[in-house]
Amino acid sequence: MVHSEAKMTRPDSASASKQQLLNGNADIQETNQKRSIEKNLCSQYEEKVRPCIDLIDSLRALGVEQDLALPAIAVIGDQSSGKSSVLEALSGVALPRGSGIVTRCPLVLKLKRLVKEDEWKGKVSYRDIEVEISNALDVEEQVRKAQNVLAGEGVGISQELVTLEVSSPHVPDLTLIDLPGITRVAVGNQPADIGRQIKTLIRKYIQRQETINLVVVPSNVDIATTEALSMAQEVDPEGDRTIGILTKPDLVDKGTEEQVVDVVRNLICHLKKGYMIVKCRGQQDIQDRLSLAEALQREKAFFEENPYFRGLLEEGRASVPCLAERLTTELITHISKSLPLLENQIKESYQNLSDELQKYGTDIPEDETEKTFFLIVKITTFNQNITSFVQGEELVGPNDTRLFNKIRQEFQKWSGVIENNFRKGGEAIRRQIWTFENQYRGRELPGFVNYRTFETIIKQQIQLLEEPAIDMLHRISDLVRDTFTKVSEKNFSEFFNLHRTTKSKLEDIKLEQENEAEKSIRLHFQMEKIVYCQDHVYRGTLQKVRENEMEEEKKKKTINVWGQNTSTESSMAEILEHLNAYQHEAGNRLSTHIPLIIQFFVLQTFGQQLQKSMLQLLQDRDTYDWLLKERNDTCDKRKFLKERLARLAQARRRLAKFPG
C-alpha cells in the first residue's frame with residue numbers, strides 16, 4: 001500500500017513541481033519585464049533629462065554666465081527660514097550651519113544621480129581650485145574653507161561662485177544656486193550695509209528672466225510679510241517663475257494648520273507655479289545625529305499621520321522627494337524653452353564681440369622683422385582707406401553718406417549762392433544804372449552805354465562772392481580733416497603715439513593745403529576783375545539772353561516801372577542784357593573752377609601728401625616701438641575679448657552638438 005500510495009502520489013508531486021517551476025519562471029519573467037521597463041525608463045530619463053542639465057552646467061563651468069544669463073533655479077529665503085535644511089535634504093550632504101550669515105557666497109549645487117552600483121563622490125570648485133571629496137561628511141568643511149578664501153575669514157559676503165558637485169544614487173538630477181539668507185540688521189562684526197549687499201547680490205540673480213526663483217518660507221510665519229517673497233514679487237509680479245517652499249510644518253500653532261494648507265494650495269498669495277511643503281531636519285535632530293535618510297522617513301510618516309497635511313502628500317505637494325521631482329521637471333522644461341533664445345543670444349554676442357575685437361587689432365609681434373611688417377601693414381591699410389575716401393569709393397553704412405557726396409552738397413550750395421547773389425543784385429544794378437544815367441552821364445548822347453559802368457557793376461557783384469567761397473573752403477577742409485581723423489582712429493586707436501602722430505600730420509597738411517587753396521581762390525577772384533570772355537562765346541550767350549527777353553516781352557505787356565523816356569529805358573535794357581550775359585559766363589566759371597581748386601588742394605593733394613608723410617614714418621626704425629606702444633588697457637581688453645569669444649565659441653559648439 002505504501003508503495004502503491006507512493007506511486008499514486010508521484011503524478012501529483014510532479015504536477016506540483018511543474019507548477020512551481022512555471023510559477024517561478026513567471027515570476028522571473030515578470031521581474032525581468034519590470035527590470036526591462038525600469039531600464040527603459042531610466043534610459044529615456046538619461047537621454048532627456050541629464051543632457052539638458054549637463055549642457056547648462058557645462059556652459060556655466062565655461063563662464064558663459066559672465067556674458068549671458070543661463071537657465072537656473074535660485075534659492076532665496078530669510079535667515080533661519082530652513083533654506084539650508086531643504087538643500088541638505090535634496091543633496092544628502094550637510095552644508096554649513098549656524099547663526100548669522102552662513103551662505104556667504106553664491107553656492108552652485110550640482111546634483112547628479114548615479115546608478116545604484118556607483119559610489120558617492122563630490123567636488124568643491126572655486127576660482128582655479130578644485131577639491132575632490134570622497135566622504136560626504138567632509139563637504140561642510142570644504143564649503144566653509146572655500147567661502148573663507150573668497151569672502152575672507154569674517155562675516156562678509158562675496159559675489160564669486162563656489163560650486164559643489166554631488167554625485168550619488170540617492171540625489172535627483174538637479175542644479176540649484178543657493179544665495180545668502182536675507183538679513184535686516186548688522187550684528188557683531190558684520191558690515192553696516194550687509195543687508196543692502198545681500199539684497200543686491202540676490203537681486204542680481206532673481207531679476208533674470210532665465211531664473212526660476214525658489215522662495216523658502218517657514219510655515220509658522222505670515223507669508224505676506226516675508227522679505228524673500230517680497231523681493232521675488234518685485235522682479236516677478238505675476239509669479240510666472242516663482243515657486244514657494246514652506247518649511248517647518250511641525251512648528252505650526254494648533255488651529256492654524258488649515259491656513260497653511262490654503263497657502264500650499266495657492267489660495268492665499270497666488271503664484272502661477274504654486275507651492276510645496278517639506279519637513280527637514282531641525283537643530284535638535286542634527287544634535288541627535290539623525291541621518292538624512294532617517295529624516296526622510298520621519299517626514300513621510302509626519303505627512304501621512306497628519307490629518308491636515310495628508311492630502312497635500314497625496315496631491316504631490318508635500319515631502320522632499322516630491323519637491324525634488326518637481327524641481328527637476330521645472331528645470332528641464334525651463335531649459336528646453338530657453339535654449340533657442342540662448343542660442344540666438346550667443347550668436348549675437350559672438351558677432352558683437354568679434355566686431356569689437358577688430359577695433360583693438362592683433363597682438364604686436366615680438367620679433368623685429370615681424371614688427372616692421374606689422375607696422376607696414378598698418379600704415380598701408382590706412383593709406384588704402386584714405387585712397388578710397390579720396391576716390392569716393394569708401395564703404396558706408398545704411399545711414400551714412402560718402403565724403404564726396406557731402407562735398408558735392410557744399411558745391412551745390414555754392415552754385416545757389418552765386419545764383420542768389422546775381423539775382424538779389426538785380427534791383428541794385430537797376431538803381432546804379434539809373435544813378436549813372438541821371439548823375440554821371442556826361443556829353444554822351446542818350447542810349448549810349450558807358451562801358452565803365454558795365455565793368456564797375458560786374459566787379460562789384462563778383463567781389464561779393466569771394467568771402468563765401470573762402471568760407472566754403474574752410475568748411476570742406478574741416479570736413480576732410482575730420483573724416484581722415486576718423487580713419488586714423490579706426491586704424492590706430494589702440495596705438496596712441498601713432499594716432500597722435502597721424503593727427504599732428506593731418507593738421508599740418510590740412511593748414512598747408514588750405515592756405516594753398518585760399519591763395520588760388522583769391523587769385524581767381526583777382527583774375528575775375530578782368531572782365532573778359534571769348535567773343536564768340538559772349539555773342540552766343542548775349543543772343544540767347546536777347547531771345548529770352550523778346551519771349552518775355554511777347555507774353556506780357558511792357559510796363560514802364562521807372563516812368564522815364566524811351567532812350568533811358570533802351571539804355572537800361574541794353575546794359576541789363578549785357579550784364580546778364582556776362583554774369584551767366586562768369587557764374588559758370590566760378591561754380592566750376594572754385595570747386596576744382598578745393599577738390600585739388602584739400603581732397604586729392606591732402607590725401608596724397610598724408611599718404612607720403614605716413615610712409616616716411618617707416619624710414620626711422622628707432623621709432624617703431626614708440627609708435628606701436630599700446631594704451632595701458634588695450635592689451636588687457638584684447639585678452640578679455642578673446643577669452644569671452646573663446647567661451648562663446650565653445651558654447652556654440654556644445655549647443656550645436658546638443659541632441660534636443
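Cβ atoms here come from the backbone N, Cα and C positions, even for glycine.
Database features, via Swiss-Prot:
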type	residues	note
REGION	1-29	region 'Disordered'
COMPBIAS	1-10	compositional bias 'Basic and acidic residues'
MOD_RES	Met1	N-acetylmethionine
COMPBIAS	12-29	compositional bias 'Polar residues'
DOMAIN	67-340	domain 'Dynamin-type G'
REGION	77-84	region 'G1 motif'
BINDING	77-84, 178-182, 247-250	GTP binding site
REGION	178-181	region 'G3 motif'
REGION	247-250	region 'G4 motif'
REGION	279-282	region 'G5 motif'
REGION	341-366	region 'Bundle signaling element (BSE)'
REGION	366-533	region 'Middle domain'
REGION	367-630	region 'Stalk'
REGION	554-557	region 'Critical for lipid-binding'
DOMAIN	572-660	domain 'GED'
Counting across all protein chains shown, how many other Cβ atoms sit within 10 Å of the Cβ of Pro249 (GTP binding site)?
24
The answer for the region 'G5 motif' (279-282), taking Cβ pairs under 8 Å and residues 6+ beyond its ends, is 82, 85-86, 88-89, 247-250, 290, 292, 295, 298-299, 302-303, 319-320
State the non-local partners of the region 'G4 motif' (247-250) in its own chain: residues 6+ outside its ends, Cβ under 8 Å from one of its Cβ atoms.
81-83, 85-86, 216-220, 260, 277-280, 282, 302, 306, 309
Which of the three DSSP states, helix, strand or coil, fits Gly77 (GTP binding site)?
strand
Other Cβ atoms within 10 Å is the metric here; tell me which of the binding-site residues Leu179, Ile182 scores highest.
Leu179
Counting across all protein chains present, how many other Cβ atoms fall within 10 Å of the Cβ of Gly77 (GTP binding site)?
28
Taking the Cβ of Lys83 (GTP binding site) as reference, which residues of that chain separated by at least 6 in sequence fall under 8 Å from it?
Val75, Ile76, Gly77, Thr103, Asp178, Gly181, Val216, Thr247
Overall pLDDT for the region 'G4 motif' (247-250), taken as the rounded mean
93
Would you identify the secondary structure of Lys83 (GTP binding site) according to DSSP, in three states?
helix
Going by DSSP, how much of the region 'Bundle signaling element (BSE)' (341-366) is helix, how much is strand and how much is coil, in residues?
19 helix, 0 strand, 7 coil
